[in-house]
Amino acid sequence: MGLGLGFWGYALFLSLFLKQSHCQEPNTDGFFVSEFYKQMGLSSSQAYNFSAPFCSWQGLFCDSKNEHVIMLIASGMSLSGQIPDNTIGKLSKLQSLDLSNNKISALPSDFWSLNTLKNLNLSFNKISGSFSSNVGNFGQLELLDISYNNFSGAIPEAVDSLVSLRVLKLDHNGFQMSIPRGLLGCQSLVSIDLSSNQLEGSLPDGFGSAFPKLETLSLAGNKIHGRDTDFADMKSISFLNISGNQFDGSVTGVFKETLEVADLSKNRFQGHISSQVDSNWFSLVYLDLSENELSGVIKNLTLLKKLKHLNLAWNRFNRGMFPRIEMLSGLEYLNLSNTNLSGHIPREISKLSDLSTLDVSGNHLAGHIPILSIKNLVAIDVSRNNLTGEIPMSILEKLPWMERFNFSFNNLTFCSGKFSAETLNRSFFGSTNSCPIAANPALFKRKRSVTGGLKLALAVTLSTMCLLIGALIFVAFGCRRKTKSGEAKDLSVKEEQSISGPFSFQTDSTTWVADVKQANAVPVVIFEKPLLNITFSDLLSATSNFDRDTLLADGKFGPVYRGFLPGGIHVAVKVLVHGSTLSDQEAARELEFLGRIKHPNLVPLTGYCIAGDQRIAIYEYMENGNLQNLLHDLPFGVQTTDDWTTDTWEEETDNGTQNIGTEGPVATWRFRHKIALGTARALAFLHHGCSPPIIHRDVKASSVYLDQNWEPRLSDFGLAKVFGNGLDDEIIHGSPGYLPPEFLQPEHELPTPKSDVYCFGVVLFELMTGKKPIEDDYLDEKDTNLVSWVRSLVRKNQASKAIDPKIQETGSEEQMEEALKIGYLCTADLPSKRPSMQQVVGLLKDIEPKSNQ
């Protein structure tokens, strides 16, 4: 008997030990997922508490009984190595699996037993070898994305079992051989991407008619051969990219009325396109037929009125005149290089106001370059023609701010000014320097923005040698101080040469110093304008020596100034005043990284400057201020003393400061939902679309800006890393009214994506209630902040009482209550209870107002 008790006591001890060590019951979905994370290198401290109920973990969604995982999202979690057996392969009810953006190298043998899967995303990993024919087990699969891996061998014929498949992405791998005939069994496909592989052979017979719902097809970058008739029966196609293959025949059979994007470049298509342009081409927005064997004369393009991108370069067209394109009013990109054009470049090109790229190089064009006063033009190539005469001043004046230009191998004349020898050899080879004796020697020196009248006065003065008149004009106009109404401040050559530091500037809350000797020797980097030679001297001029009149805000990271850089670039200049532990090179590397992060809902970082120990970030200016001002009726430019209301940017009119007030676009449910969804998308991109993920750390209403189209843009992302370890806790952890509960504990962890989720929840509450996070009237004396007030109402099923009266009658009250419930989820006390931002985006999309709201 004693032995029996000892045995059962030991068994009980072992059971408790196992439960404590694994934190989940063995052979449960929670156990399998926790083992998966642990063996793939993810620890409990990385936003997961393995002792908590598994259905509360980030990225996990369970069935209604909280017994089985039906969705697992682990994108960008730095998972590495081979997925072990007896982990996720045991999730018998799993419907959706997203393991994208990791370093996974191989799949387990039991992976193919997940026969309930509907969505599988393994993209952007390092999985190699052949793709198993066991994929045929996934009969319910609707989305399969294994792009950007190292798969090789043949695409398995077993794909014919995927009868429910709608989206197939196998691009950017090493798949070989031909496209399997089994693919034709997937008749529900809407999108196919097999691009950037090593596929060869011809398309299976009946390929064009096999997919009646197909809208998107990309076969680019393979060695597939076939004819235009292979695509004749695609009735629903809107996007077609077959570039870089071996297709031939006429392009006639390719075009359908539904087609909007067509890239047929780098193939062997033949024939005359002028006789083939008909109604099937009318929906085209993007057309690339470059590097084929097309012939005839280019004409009839005026029918393609929706076209934005046109590339016909490197074909075998007969010699002909420049085609009429002035009717293509939306054209942004035009490449007619090496198309055997003759005659003149028509001056009507100036009517293409949206044109950004013009390439007519390698032709037989003669005559003068017309005056092209196209505001958006950033690239021009007219090289290797027979052009003569002066390069128009309207073009020369734009060159310092262009991304690419080439006038070489013509008979043009121009004034070389201050162009470097390298630029002269590369872009003006064969042209003649025509500078008159009195020409402006600084024509191409990057200068501060001045008014049009001043530019004209200086140009006239310097080109006529009337020194006395020039001196008078310079005295009258050359030294005006830049003010808020747009007047310009300029410095004489003598004054400019005397600009030397160190420089000290003061605001109400801080004094900052730029310890540099010569302002014009400190470069300013503008990411998308590499030819601009801007210096710290230009920043001084743009901000009137960082004058208080140009101060927009005195925020947490430092003061923000408004200014215009050379080229009319409207910017907000943020001085990062807190000491950084990073070297200049490390800080520059961090800023360069942030400059590469692009998203429609992020304020773009356009450049930076390292001035001594001072780091300066340069942002695109946001015309419509920030959300805090818009919601709480503050005039643009007004700074309040509360820390959570800093970083306000202003908007001016000729009559002074403008106040949008409550009657503007903000007073509708549709607009506020748009702001919420855009901000959520920005955060989801930072958390899940960047590698490594970026934690914002200070999401608040005043960090959400509105561009000229009233689209929301999140600012200040990633700035904390520029300081290294030089920031104190108060700055790292956010602003009063937005602080997550975990940051109020004596010993708390560093910010995580879930702390951003909490802050977003507060912003969502602001949008729905119109109230500030703290120090507002919450209609209940017991509540001292917005979060506790709204959460209390939601718990009592009285969420409608919190809705801002200004928007209550502008849409569905049910949708507005759902938005408050989403905010409730985001502001949960425990980080593990909060959804991810990807999930928040999905929830907000589910309550998107209809078009008539």
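Glycine is no exception: its Cβ is also placed from the backbone N, Cα and C atoms.
Per Swiss-Prot, signal peptide is recorded for 1-23.
Positions annotated as topological domain 'Extracellular' by Swiss-Prot, on the basis of sequence analysis: 24-456.
Annotation source Swiss-Prot lists N-linked glycosylation site at Asn49 (among others), citing sequence analysis.
Mean model confidence for the repeat 'LRR 1' (91-114) is a pLDDT of 91. Feature annotation from Swiss-Prot assigns repeat 'LRR 1' to 91-114.
The repeat 'LRR 2' annotation in Swiss-Prot covers 116-138. Listed by sequence, the residues of this chain that lie at least six past the ends of the repeat 'LRR 2' (116-138) yet keep a Cβ under 8 A from its Cβ atoms are 75, 92-107, 144-162, 164, 169-170, 175.
What Swiss-Prot lists as N-linked glycosylation site is Asn121 (among others), and the listing cites sequence analysis. Within 10 Å of the C-beta of Asn121 (N-linked glycosylation site) there are 21 other C-beta atoms, taking all protein chains into account.
Residues annotated as repeat 'LRR 3' in Swiss-Prot: 139-162. With DSSP classes pooled into helix, strand and coil, the tally for the repeat 'LRR 3' (139-162) is 5 helix, 8 strand, 11 coil.
Taken from Swiss-Prot, the feature N-linked glycosylation site covers Asn150 (among others). Asn150 (N-linked glycosylation site) counts 13 other C-beta atoms within 10 Å of its own C-beta, drawing on all protein chains shown.
Among the features that Swiss-Prot reports, repeat 'LRR 4' is placed at 163-186. Non-local neighbours of the repeat 'LRR 4' (163-186) in the same chain are 118, 123, 131, 139-157, 192-204, 206-207, 210-211, 218, 224; each lies 6+ residues outside the stretch with a CB under 8 Å from one of its CB atoms.
The feature repeat 'LRR 5' is assigned by Swiss-Prot to 188-210.
According to Swiss-Prot, the repeat 'LRR 7' annotation covers 235-257. Non-local neighbours of the repeat 'LRR 7' (235-257) in the same chain are 195, 212-229, 263-271, 273, 276, 279-284, 288-289, 294; each lies 6+ residues outside the stretch with a CB under 8 Å from one of its CB atoms.
In the three-state DSSP scheme, Asn241 (N-linked glycosylation site) is classed as strand. Under the heading N-linked glycosylation site, Swiss-Prot lists Asn241 (among others), citing sequence analysis as support.
Summarising the annotation, Swiss-Prot assigns repeat 'LRR 8' to 259-280.
As annotated by Swiss-Prot, repeat 'LRR 9' applies to 281-304. Residue counts for the repeat 'LRR 9' (281-304) under DSSP, split into helix (H, G, I), strand (E, B) and coil, are 4 helix, 6 strand, 14 coil.
What Swiss-Prot lists as N-linked glycosylation site is Asn300 (among others).
The repeat 'LRR 10' feature in Swiss-Prot is assigned to 305-328. Same-chain residues lying 6+ beyond the ends of the repeat 'LRR 10' (305-328) with a Cβ under 8 Å from its Cβ atoms: 260, 265, 273, 282-299, 334-346, 348-349, 351-352, 354, 359-360, 364-365.
Of all residue pairs in Leu552, Ala553, Asp554, Gly555, Lys556, Phe557, Gly558, Pro559, Val560, Lys574, the annotated binders of ATP, the farthest apart have Cα atoms separated by 13 Å. When the recorded positions Asn150, Asn411, Thr535, Leu552, Lys556 are ranked by how far their Cα is from the Cα of Tyr738 (phosphotyrosine), Lys556 comes first. The recorded positions shown are Asn335, Asn386, Thr543; of these, the one with its CA atom nearest the CA of Val560 (ATP binding site) is Thr543. Within 10 Å of the C-beta of Asn386 (N-linked glycosylation site) we count 13 further C-beta atoms, all protein chains included. Minimal Cβ crowding within 10 Å, among the glycosylation sites Asn241, Asn406, is found at Asn406. The candidate set comprises the recorded positions Asn340, Asn411, Thr535. Of these, Thr535 has the most other Cβ atoms within 10 Å. In the three-state DSSP classification, Thr543 (phosphothreonine) falls within coil.
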